[in-house]
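A.B. asks: Let me give you the structure first, and then I'll get to my questions.
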């Protein structure tokens, strides 16, 4: 038959996680009938109920008990009950909770029952009306169980030989039974372990325990308790159980030796772990194995002498002598030695001082029990067994972090008067522990020396934090009169989980399991020691299951940190960090948070760099395309010169097809109704807001105006360009011919007059007598009609298209504005800066701000727009003070064209020309063009504009050289250098290319 069901269930039950302090009994509501668990916790049954042993947990039933039965639990159901109890315990439920009662009742409802003829029951908690005969029976049975237990377990602890003594048998005295009111000390070690499990609390008064709780001791085989089979972990559990059992023994007033370490009330105290015991009794100096005072012979002699020197041994009855022999035989390792020492003298023992009196309800029974010598000797030997466990338990304990304690509970002493606590006070959450501590050193004391008492209060100053360290493992449950006791305020703690952070992200579950297995190997614990193992990114998290070593998560973390190199070598992982965090804060570990932040930063950095590179690449591409457009035209023109029969013919045919497919209608221009227009009308085809004064804006490339150029004009332009590109010397020949050309007539007598000579800027450029602008002398401030300005006719000899004039001199500014007013001019084209290299090219003939008066003409600056670095636009109001008329005049000032030179690019000048023509569109007045002398730069601009205007109007033929001769017939010196003439040809070619691109496809 296997171990009893309560033992297996409760040994495997982990300690509960305290959710909160226990509520008073009144707060739990009315007690339900038939509650379960009364064998392990008192106070469950009502005043009219008794606890019936059902073979599992115990059930409360009303008196008289009519229906008694036991559950027959198969192995599968046993495992299921274990899992259920573990879940309830970890959640924090106790037997007092209705939820626990419902869950356990539901689990037991499916189990088979075996009905009994007589029920085994015990009264409610702390009831003094127990059956005295039943209590005496189990008192003797307890002594027999203790003898058998010592005989079995002392060899297992390697303290004595495994050979049992021949006379280690005891009989049961059915006639001698203790009185009722006996204390609740457990009969044997396994019963004690079962009753001090996490979910249960032992009852204040003993119930009649079932026989099967004692049967395992007589049925266990020697090999079942062999250290080779069970290993170090079973030794540690047994050591803790034995130590706690010896601490549970309660003395009477006249006991020769105190037999308990923690004097509790009816509730049994929390069992000390092996670690706590090793800390409670300090080990003697030197190695335990080498010390001569710790050999087995000396221990046995001391134990046997104490037993035989009892003064009342000779007066024992026959049955009690057998009981004493049974105890002596249970602790002897050698039969011969035991018989030799059984008649030696005993040591004198004096009772230690007692600070608290026994409970009133137990006084009668204890006084009667003191008279029993066997009871005295058994309890005294139990105390000596505690000292043996102190010295021999330490070598069996695991090394390393097991002795390290991370969490502490504050311990407070209570000086309240002694009184019996009510049920509400028992469940109040502050546990009162009345305790007296005694320690006897068997190995260092001298014979006939009086043992020195050691108070529990003194020991708790240094040892209490270690003894009560783990609040999650076992909870102290003893309550009694508070006089001289201790108050332990058990504070609920948030569930903690340990984590080990590695350099692998993500960490595979297999690697995480391997890492925890290696940690378990270092701690010498099984893999099941760790629960809830999870992998979160690069970290593995875990919880420490309930264990007899009282090992906490902090101990495991310290062990992992101390053995970091060993773990890395065994698993191949890089351990970055280990620690403890609340369960809810494990989602983002420090390394994960840092890694996520760095990842975001790196990602944003790369995106920014990519955007910057994209913008730079697009800008470079656009620049290259625009820069190469000029060279594409030159390449095309060069290709036309190299092979005129191919590209030229194809371009001409394409132009013909386009013009035949789409022939735009001639646009009719509305009549010019007024010479006075607003500034806004000059810069756009439609109304637009007038620009603010002296503002600047960027320029835009004006698209060429839609041309009326037909197929014949296209043929003429292509043929002319083809001829110039094919014949390299044609340009030079044409320029030589132009230089030799003499205009007829070319008389300049008026300009050469003495009164007019100061009005000429250059003697090389004088107006022809037949082609000059005549001012109204009556309006002139000098009563003169002369000004160095020439009208340039195009196709209508009556209306000049341009007026080419020199830059005004300080003496001719009034004449210049008079010419502007009398000619009705609205557009002025200025092609020179005011000065070049310190040489004055033109006088500043307009106001910088406000207005200036020149004779009878008031000029008011309205606005000044800087369109680009090459030119700007100014707008003026011109008022005739004699007539009070006002007109608007716009000046286009080109800044980057110097004397005897050409602009840096044709593109800027062509854009400038388009801007001028856009403002001039729809007007019939001439355009005033001037530079410094009014011939070189002014002639080049007029030549380009005149040729392009003819092409746009659909001229049937075009000859640039002939056009220049036509200009020189009207003003001398037009286009002064060969470079200016070549620049005019290039500008015309580029504008033709732009017109061809603008034609509808």
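Yeah, the Cβs are placed from backbone N, Cα and C, and that goes for glycine too.
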A.B. asks: Among 601-621, 622-642, 643-663, find the range that Swiss-Prot records as transmembrane segment.
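C.D. replies: Result: 601-621 is the stretch Swiss-Prot calls transmembrane segment.
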A.B. asks: Among 899, 911, 945, 959, which is the one Swiss-Prot gives for the substrate site where 931, 932, 933, 934, 935, 936, 937, 976 also bind?
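C.D. replies: Of the residues offered, the record points to 899.
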A.B. asks: Write down the residue from 406, 423, 680 that Swiss-Prot flags as phosphoserine.
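C.D. replies: Of 406, 423, 680, Swiss-Prot lists 423 as: phosphoserine.
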A.B. asks: Scan 550, 884 for the residue that Swiss-Prot records as N-linked glycosylation site.
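C.D. replies: Of the listed residues, Swiss-Prot records N-linked glycosylation site for 550.
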A.B. asks: Per DSSP, what is the residue count of the motif 'Leucine-based sorting signal' (990-996) in each of helix, strand and coil?
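C.D. replies: Secondary-structure composition of the motif 'Leucine-based sorting signal' (990-996): 7 helix, 0 strand, 0 coil.
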